[in-house]
């Protein structure tokens, strides 16, 4: 595949001239997403795998083992586990790449009709070139980015579906420029030699700027003239297009860049610990090497006659040097090669549990939860901040036309007695919905509850007629009429669909459109308007307009848009109407409704022609075309006349308030980042219980300048931390509320606060007072940012992520949430009404916000718990296994002799102890899922990283070293004096090795039995099966059969049988097991009684409940008195019914268990949280401190 050697500044493509286009060496249309082929797979994959430090380290060890002077172990002790790890990873990579090859081949070999030498020929996609003319037929995929030349539809129209680009399944319309409409004939197309000069390849899906030069004229090109690769042609018999961008240059491929690889905090900690362990390994090697040099100098020199040094060894110092490398080989198992593979297997298991969870399956949409990554599962148990979109995430994004204001009068039912069946009157009666039977084209699903609006339409109110006329004309909806009178609307947003449907039901039916006309059936009469211009919506303009000419020849501009934008562009004469409409807008927003303002403007012919010329010049500009067009649009969208406003209801999703209440009790802070207006966002905040009347205060920041925003934030901090008020434990805070030490004080404030901040205020804060907004926001229980752009959403997430050093989760459903989802540690996509772009960019996906509580409080918490227990045990068992060699070194002249035989060393990590720890890492749980949801405080240890940190790591290491000491010295002491049954000496090297190895396997198996909190048949099978496999392999290796086949490898025939036949050996194994395990059991018993954590208390509560239920059943069997009191007494003894039903009481879930503990179970968590917040520096630490959280 060829590409330009330098970056393109512009793209030139001439139709039907391959020779000319080949000069530019543009990329071919062949795409390649695979990484390997048959020849490169092995070298490239191995090179990638050896980028991992651990793999390189073990390769280095293997090389050392091949040097006979320093190796006391056979090479296979390292190569077997190394090859196993490399093979598993290679198979996984090869499988992934096979499917990528399969997908590439399927796409590249699709057939396309290409015009070559005046004849349409079938060509594979990979052979299509820039400048080729392609014919597409209905339901075909677009092969490359094409300039639409002509189509089977009138006026060069064609319809496309862009689901593969943006996830939206509604149809969109594209149109050829008028000069090429007639190029539908092959002979005309063959003679077409136009040249396109346009922007270079980029990833902007919604923008294109170019010019067509043909017949000594130039014609502007925009995105409306382009068919992008990945689209599908719909409802269009055929069309022709000119290839502008091919293969990797297409906008689809430009957008398929690799997502940033996310690593968990445990990953980062694990890498640090492995380096520490390696340093510890080097220290042990140095100690033993020094010991070897001293021993050889003091003792070894005297035995040279019958125990001579190797030929290469000429001094005690050199002997110590070789001994160092020998011990590095022997002790290398403290850095376990199987650790990384085991972690990936566990994470894979956790991701499957999420995929298989039936309680996260949406039956209405038939959509399961999906873990789109396997690398972040345990971080789901450590989330501190959730950033959520509002529309489609907290709400359903199913829009219902609810109310409207026309000429100062509000229509729509008032009051809050509204449910799915409609509003209730004051008397509690339910009114009938408006009868639209007069309109045969009405949508039967549309419901409206105020008949006065329909009466106004029927009475001929001109303002109401103009109101609905605007709604039927000012939009980009596509209409499809499959049968007579059966209209189907394809809208780009649910809002537009709801507005056009409302106009349809009230008698202004949008029937059809062409590039130059719109046909509306107004109260039964078909009226065709000439469409002169569409001034399209974008996130900056926040409005759209159409300019139409009615049958009488009058030109009128219709505009709809956000109130913040449109109210500033009204004619001064509308001030009185503006006041009443503003009151209605505030009322609607207070009810959580989404509002739009409608306005119009009459234009005279001369004014419009002048403006149209300026618009044409702006559209032809090669540079800054978008800005020039926006400026021209501004000119005409001024001094408009106000018509009214619409209010659309976006209902809350089921279970949102309960989910937010539960997550808040788990000490997770929820920030809502939305593009809606402030009043709407605040009302939704109250609806979903983010904001409550019990809060001390809700701060609203709406400053228009940096100074205003800074002052409002300062006042908020002053109210939160009154200088004269005592802040916790008698500490009185005196100082400046903006001082560097404020953050930790703010986080300890009494009372609950919330912050609401506007997009423009947030913009000022992010630029000039980043520390102030972060301090204030993080001290609040809830934060709502409204009128924010997609970029601001990502900036807010990055701010918290960077300075608070907290795990963040972003959740959204639309394309405007993608940047936020990619920025956060964990991205969650809601598969809703706005396509699947958010899902494609996410790490986890499901269909309803309420599933988030289960993802975090159940799957996330369990994943964190399992991973932490797995790592603690893994490091423990490896240190217990390896350190025995270290102690043995002091008794073998530091000769690098191993305690165990080499087969045991090879199989210990990959056979004897691998499956039990994997079973614990995949299946373990401390409390059942119901209790995890019932007691959200159980989530806090993950946020504070309590279960696996440097302290816990050193405790595991200390336990492993303690076990290794007893593992070596107890058998050593016994064997020094013990005899066999026949009176002969028991002590020999092989018997000692078998005894220590057997003790080790039994001790670590008992230990994992103690660590397992949830027993399954798999756990039992793996743990006791591993012990059985150990004995089976042990006896097999010391059998006559293996000796006969491999006499040089298995020389110690019958040793295991003879050793384990001695009662002394079994007593030694039992004694070793008891002294290793007893302190662990004693410590856990004391901790459970003296300082239980919340999970211990919850488990104890379960046991009490079971016991009470059993007693109650016995009492019922003995005799039923018929008393109702016994049932009530039983439920009263449980005492948790009210706790579960009441969100507020669940905040004190740990205190509800105080009857079982001597102190509040969460107090130690709270004190640790205070320590953590005290140690975290404020980002406003001044110029003399680096910014950190």
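In case you wondered, yes, glycine gets a Cβ from its N, Cα and C as well.
Note: TrEMBL annotation is automatic and uncurated.
Between the stretches 1022-1043, 1088-1109, 1110-1131, TrEMBL puts its transmembrane segment entry on 1022-1043. Looking at 756-776, 819-839, 840-860, 903-923, the range tied to transmembrane segment in TrEMBL is 903-923.
When TrEMBL is compared with the stretches 933-952, 953-972, 1133-1152, the one noted as transmembrane segment is 953-972. Put simply, 389 is the one of the recorded positions 389, 813, 817 whose Cα lies nearest to the Cα of residue 787 (ATP binding site). Counting in whole angstrom, residue 816 (ATP binding site) lies 9 from residue 389 (active site, 4-aspartylphosphate intermediate) by their C-alpha atoms. Taken through DSSP, the domain 'P-type ATPase N-terminal' (14-79) splits into 31 helix, 1 strand, 34 coil. Counting Cβ atoms from all protein chains shown, residue 675 (ATP binding site) has 22 others lying within 10 Å of its own Cβ. Each residue in the domain 'P-type ATPase N-terminal' (14-79) has a pLDDT score, and their mean in this model is 82. Residue pair residue 391 (ATP binding site) / residue 817 (Mg(2+) binding site) shows a Cα separation of 11 Å. Comparing 273-295, 903-923, 953-972, 992-1010, 1022-1043 for CB pairs under 8 angstroms to the transmembrane segment (870-891), the maximum falls on 953-972. The two recorded residues, residue 675 (ATP binding site) and residue 389 (active site, 4-aspartylphosphate intermediate), show a Cα separation of 9 Å.
The binding-site residues listed here are 391, 816; among them, 391 has the most other Cβ atoms within 10 Å of its own Cβ. By the count of Cβ pairs under 8 Å, the stretch nearest in packing to the transmembrane segment (1022-1043) among 273-295, 903-923, 953-972, 1063-1086 is 903-923.
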